[in-house]
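In Swiss-Prot this protein carries:
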- Phe282, Asp283, Val284, Gly285, Gly286, Gly287, Leu288, Gly289, Val290, Asp291, Tyr292: substrate binding site (BINDING)
- Lys102: N6-(pyridoxal phosphate)lysine (MOD_RES)
Amino acid sequence: MNDRHAEKIRRAYNVAYWGNDYFYINDLGHICVRPNPEVSQSSIDLAELLKEKEGKNPQPLPALFFFPQILQHRLHAINKAFKSARDSFGYQGDYCLVYPIKVNQHRRVIESLLKSGESLGLEAGSKAEMVAVLAYAGGTRSLIVCNGYKDREYIRLALMGEKLGYKVYLVIEKMSEIKMVLEEAKRLNVVPRLGVRARLASEGSGKWQASGGEKSKFGLSATQVLQLVEILKSADCLSGLQLLHFHLGSQLSNIHDIATGVRESARFYVELHKLGVKISCFDVGGGLGVDYEGTRSQSDCSVNYGLKEYANNVIWGIGEICNENHLPHPTVISESGRALTAHHTVLISNVIGVERNEFSPPQAPEKHSPRALESLWYTWQEMQKPDHRHSLRECLHDSQRDLQDVHTQYTHGILDLKQRAWAEQLYLQICHHIQKELDPSDRAHRTMIDNLQERMADKLYVNFSLFQSLPDAWGINQLFPILPLEGLNQRPERRAVLLDITCDSDGIIEHYVDGDGVANTLPIPPYDAENPPILGFFMVGAYQEILGNMHNLFGDTAVVEVSLDEQEKISVKIDNPGNTVSDMLKYVKLDPKALLAYFAQKIKKTDLNAQLQMAFLEEFEASLYGYTYLEHD
């Protein structure tokens, strides 16, 4: 296969863009992972990794493959981008990346980040998260940001952290919070370190735009900011207000929105200084997006900028306002959780069932068949003629109308089941023929191509729960890159839609990455229906594990940690074997031991022989302590 042909095939999956150097397709057509692309080009072939485990200790699927070195490299890359921006623009303030643990609170994630040796603060958005952050914060003077709704217990935990020597910023997001903070600080005899979240007029666009702007759930209006300043003055605590925070929304796709928001928030910085508030930290919140679809555009699941441009806009925007007003450069904080974690995990699962169209030469209808059947057959015959006068669009419309007539006549008892089946199969033959004749480069054909691809797509039933593993794909139509682990050096001749194994019609992935951006079907290479491909779901490291739910009692998948050691040998260890049926039953207060006892009682009341009773009981018990997903016998 020549290089041009290989590159054309690779473009069908856009890996070069969404992969961000962490993922690529090798010459064998396998998807590979580079855990630390800046240091080494050594990679891990996911297909070969699975095959190797199959020979030694087979890994049950689905499983989440966790790459701690990618996580650590993301931390390094973000810090590096901001250092470069500060150097370029002569910015005098520091920078601190803060990890909002709500993005993924799992221990393996927090510990991997803290072990990296890079500068990192932590953010809590709830009482439970505050407990975790206090326990995990690094040495004294570690930076902690406290967001979200706060009760007195949450506030006391934060103030305890301040007493322990951490730099803990209690961000005031509701006016009702300040009274509690001042009262609890007095009880603990500690000077609180405060922040204020300003509610901006600026907002981002996309799926999360409601989390920023004037309609935001959190933040103080301009009037409330002034009221807060007066309250702190009266309490002689104005010096404690040290941090200004804003948030435009998650996954900001347009760099212009970011620049606009930074400039508006910088005006708050200036005005607060005029009021005597010596703000020293400027928290730009989240919003640093990742390119899930690889189009480098302003669409909801993409971004039209990179790390460097984002850092440049933030640092230059704040620095410029400070210089204009002769104010000190504050420490810049960003809460870039999605950009930090999205790439570091890959969900891998097997296809457990395939439904696809197979075509054989059609047979003519019986003589004197109803008109709708004869009309369908006429369309098919006309299309076989090299000089047929009907356009492809006309043939498609004619066959669609005839099929509709067939369904109507079947409903009224005019046609029987065999006639309906014959008509539906011939209609698919017509669609298949038209699909092969259409030209993807012809814009007039584009809509027909998309519609036919969706109509003719294979259905792949995948061993996973959409609601557990990709909840954002279900809830907000979030896009995730998906592709087979191998066969990617072959032309993707087929299209597929992926369905999960829950008993829910919503358990279907509706949008996929392809070379043209976003499609309703997944391009896949030829495959044996008896041996369908293993699939990888990429960039699922942010939010998905935490948001996943227990629909149909499908539990957490197994988690496998994969890294390259100093000799660049692959190290694999099981971080979590995944939930068993017993685990999930306990979540809903069903006692597995009691269920086993109930089942045993039912068996004893039957007339089954002792051997069969024992076999049934053993099977039931094995199911109780087995994986919640489908397993190979």
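Just so you know, glycine gets a Cβ as well, placed from its N, Cα and C.
Keep in mind that what you see is a predicted model, and the values were worked out from it rather than measured.
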The residue listed as 'N6-(pyridoxal phosphate)lysine' and Tyr292 (substrate binding site), distance between Cα atoms, whole Å: 20
Around the Cβ of Phe282 (substrate binding site), the count of other Cβ atoms that are within 10 Å: 25
Between Gly286 (substrate binding site) and Lys102 (N6-(pyridoxal phosphate)lysine), the C-alpha gap once rounded to whole angstrom: 12
Rounded distance in angstrom between the Cα atoms of Val284 (substrate binding site) and Lys102 (N6-(pyridoxal phosphate)lysine): 17
Cα-Cα distance linking Lys102 (N6-(pyridoxal phosphate)lysine) and Val290 (substrate binding site), given in Å to the nearest integer: 17
Listed in sequence order, residues with CB under 8 A of Lys102 (N6-(pyridoxal phosphate)lysine) and six or more positions away: Glu123, Gly125, Ser126, Glu129, Gly337, Ile546
Lowest local Cβ density (other Cβ within 10 Å) among binding-site residues: Val284, Leu288, Val290: Val290
